[in-house]
Amino acid sequence: MNRFFFQKLAVSNLKKNRQTVVPYLFTSMITAAVYYIMLSLSQNPGLNDMVGAVVLQEILGLGCGVVLIFSVIFLFYTNRFLMKRRKKEFGLYNILGMEKRHLAITLAWETIILYVLSMIGGLIIGIALDKILFLLLGNLIDAPVSLGFFISTKVIRSVLMLFLVIFILTYINSVRQIQTANPIELLHSDSMGEREPKSRFLLAFFGILSLGSGYFLAIMTKNPVSSLTLFFLAVILVIIGTYLLFTAGSVVFLKMLRRNKHYYYQVQHFTSVSGMLYRMKQNAVGLANICILSTMVLVMISSTSSLMFGVKEMIDTRYPHDFSVILPADSPEQNSKFASEIRSLAEKNGIPANEDTAYSYLSFTALHEENRFQVKRPEDLNTLSSINQLSVLMILPLDDYNACMGTNETLTDGEILLHGSRGSDVSASEIQVCDRNYTVKKTISEAPKNGTVASNVATAYMIVTADSDELIHLYEQQRAVYGDRASRISFYYGFDTTADKETQNAFYPVLKKFCSDFESSCTVEARANGESGAYALYGGMFFLGAFLGTLFLMAAILIIYYKQISEGFEDRERFAIMQKVGMSQDEIKSSIRSQVLMVFFLPLLTAGIHTAAAFPMVKKLLSLFNLTNIKLFLLATLICYLVFAVIYLGVYLLTSRTYYRIVSRQSR
Amino acid sequence: MALLEARSIQKVYTTRFGGNPVTALSNVSFSMEAGEYTVIMGESGSGKTTLLNILAALDRPTRGEVLLDGMNLSQIREKDIAAFRRDHLGFVFQDFNLLDTFSLRDNIFLPMVLAGKNFEEMNQRLIPIAKKLDIVNILDKYPYEVSGGQKQRAAVARALITQPKLILADEPSGALDSRATDRLLQIFHEINFDGQTILMVTHSTKAASHANRVLFIKDGVIFHQLYRGNDTNEQMYQKISDTLTMLTTGGDCHE
């Protein structure tokens, strides 16, 4: 044999199969580029200079892991598709006298060529985008970026290694497929598996059950704390439900349509119902994959972008004052002396304090049932329903409230003012807290700001009592139950300043030192410091969300493309027959269109429904991050869905053109 | 008046890259009366499939015209042609052309559904046909579950259900074993006996020997024709063989 026979054969094979090889090559390039960028960003020395670098590197590291797992699965999937299409070709070579050994050598050369091409392409794209994305990331997390071109040979090496392993694995898998099949099987593998699918009612039923309970969890969960635990359960239920419904449910549904004779035996339903039945068997899993990937993209990008764009508001909630100090309360005189000492310290450090707020309060967690707030031991709280009822009480005396808010409210014994935060119910006219019964004199819309209470994920209630004796009484009550873990009556002092960020950042450690010298168990917070951290966290998450979203989108697009092509080849025969039997070109076209549209937009529609169902739950999850701006999240979700739909439509138009070309190429 | 009339049909294929034009049919004229059972015989490449495609309105002749029941096929508009084919013609193909996505019943119903008929009507028409073709028990099976002979009988049922003026059969026994072939030919004979006009294209002498008339086509022209008269199938078979021998050994009828 000619010396370069196998190399030449490999090259010409790749060229001949370009319709499927090019997208595969493209996929491996992009996954390689994405992996390179992820890894290089997480190891970029320039990151170390940024505030919140640790958080960011952790997020990016997590992203690396996701991309890695994804690359392996996805490249395997597309490779399997390629092999399926090419089995006939291999069967022919085999019959023409090539041994399986020779096929394996040819395949090895093809794999080597593809590997080299995708590594070159992937690394070039990766390196080119790396810098741009680093600048973007720096911009997102609001940090100055100061670095030159960063190319790490270590990162390049690990990308090369990872993909070498993946390519070797896919190669072994392909060779195994050729080895086990005989030439006749290879030749006819195209026309295998055309049997009509069976109805599996039980699976379809479980699908509905699983999807329904997933939705139920997502929509009905009231409390953000429990939504965190239930979120993953709901996601898993919805994923299982989607797979079952796409595979078993669709068949059951279509067969039901078919049983209705008067519906079924009509031109527009006859071919499409039977065609769909046939398609669903082959494509149900692919469609379910697309649907789940799409949902992930939508939820991820809409939530992370709302976090990113809502970060200012979140910080306002979390850090109502530029600086705040919380420490165990002492006598009122001692408290105000402490406050004035802080004020003068700030003054000395170039931080003029204005709009300061000072009050003492008691805050503890209680179980909220109807109109009663009870404290219970954590051991009794482990059921899901009680997690749902957890709420945070913040209690402060009337004098402090009036002083803070500049109001002139009055209360007699047993009367209170009530304020409720997100998701609260303040309709009651009488409430019970521990052993005390109170009459709600008024519900108030404004409460003294407190970032720590606001950052608690549970529903918060603020109760203003007539005097501080009540506070002490409730303190004793909850202490009796919680023991060492009981909260103490605290003193809050917060103030705003007009000083610039740098001065503020410089003052933060000074204040911290001063306070801890004064009282060791104190909490000192500065908005400027928290802001940088938040930008790093949310910016990183948004970046990751957008990045992975793009990757998943690409995956979805590729699955669609491959599906269209493989269906095109199979449908060609069917439509040629229909034409002979008396179906006109127009009827064929409209039949194709309706089926393709259904197959195509079913995942998009389902993804939309999934996203809508996830909305209430994600909304509550976002409230864990102090994002309570529902309008922003709604807008982000809608925009994401729209953009996604437009991209999807574009892909549809592009691939359906290829599809029509294949189908209309008459096999005479 | 003749049911089917072909008037000096010519078909020339020109290749896409401007190569030499190939003449598939140079000048074919013949006519068929209602109730006839005619076979067109010829070797591979003689143009018989081209002729059938033209008669079926699947292809258009370069010159000449086809009249079915007085209607000129070339004057039917492109968008009506599918409906015309569906309503007036029935097809039986060598490779059956049944769709794997449909049960045999639905395959048979396909042209009726395309014509917009309701279920009761289709079902009523199916029952006698299915009985005659002995496929009642397999109607709910799928094409990949039954034998070749059964598939072809289902395909015949599909051709018959629209009650077409003419059945066009393209090498219908080509993919069948000899027993299934006998059975199929018997069926063709019976439906012809009931008054159905049939035009079959084949190169099998045995299939041709059941016809009333055999046209021989060679190099794009009709070379010769045979009438059954009162011959038995065996005598017909002998006559066809003799004609084929004469044709292949270079006998020239025109002179």
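Cβ atoms here come from the backbone N, Cα and C positions, even for glycine.
Record features (TrEMBL):
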- A:21-39: transmembrane segment (TRANSMEM)
- A:59-82: transmembrane segment (TRANSMEM)
- A:66-183: domain 'ABC3 transporter permease C-terminal' (DOMAIN)
- A:103-129: transmembrane segment (TRANSMEM)
- A:149-172: transmembrane segment (TRANSMEM)
- A:201-218: transmembrane segment (TRANSMEM)
- A:230-254: transmembrane segment (TRANSMEM)
- A:284-309: transmembrane segment (TRANSMEM)
- A:535-562: transmembrane segment (TRANSMEM)
- A:596-618: transmembrane segment (TRANSMEM)
- A:630-655: transmembrane segment (TRANSMEM)
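Taken through DSSP, the domain 'ABC3 transporter permease C-terminal' (A:66-183) splits into 100 helix, 0 strand, 18 coil. Remote same-chain partners of the transmembrane segment (A:630-655), defined as residues 6 or more beyond its termini with a Cβ less than 8 Å from a stretch Cβ, comprise 294, 297-298, 301-303, 305-306, 309-310, 313, 553, 557, 560-561, 564-565, 600-601, 604, 607-608, 611, 615, 618-619, 622. Averaged over the domain 'ABC3 transporter permease C-terminal' (A:66-183), the predicted model reaches a pLDDT of 82.
Residues 230, 233-238, 240-245, 247-249, 251-253, 613-614, 616-617 of the same chain lie 6 or more positions beyond the ends of the transmembrane segment (A:201-218) yet place their CB under 8 Å from a CB of it. Long-range contacts of the transmembrane segment (A:230-254) within the same chain, counting only residues at least 6 positions beyond its ends with a Cβ under 8 Å from a Cβ of the stretch, are 197-201, 203-204, 206-215, 217-218, 221, 273, 276-277, 280-281, 284-285, 287-288, 291-292, 295, 384, 606, 610, 613-614, 617, 621.
Counting residues 6+ beyond its ends, the transmembrane segment (A:535-562) has Cβ neighbours under 8 Å at 20, 23, 27, 30-31, 34, 37-38, 50-53, 55-56, 59-60, 62-63, 66-67, 70, 74, 77-78, 81, 133, 136-137, 140-143, 286, 289-290, 293-294, 296-297, 300-301, 303-305, 307-308, 311, 314, 600, 603, 625, 644, 647, 651-652, 655, 658 in the same chain.
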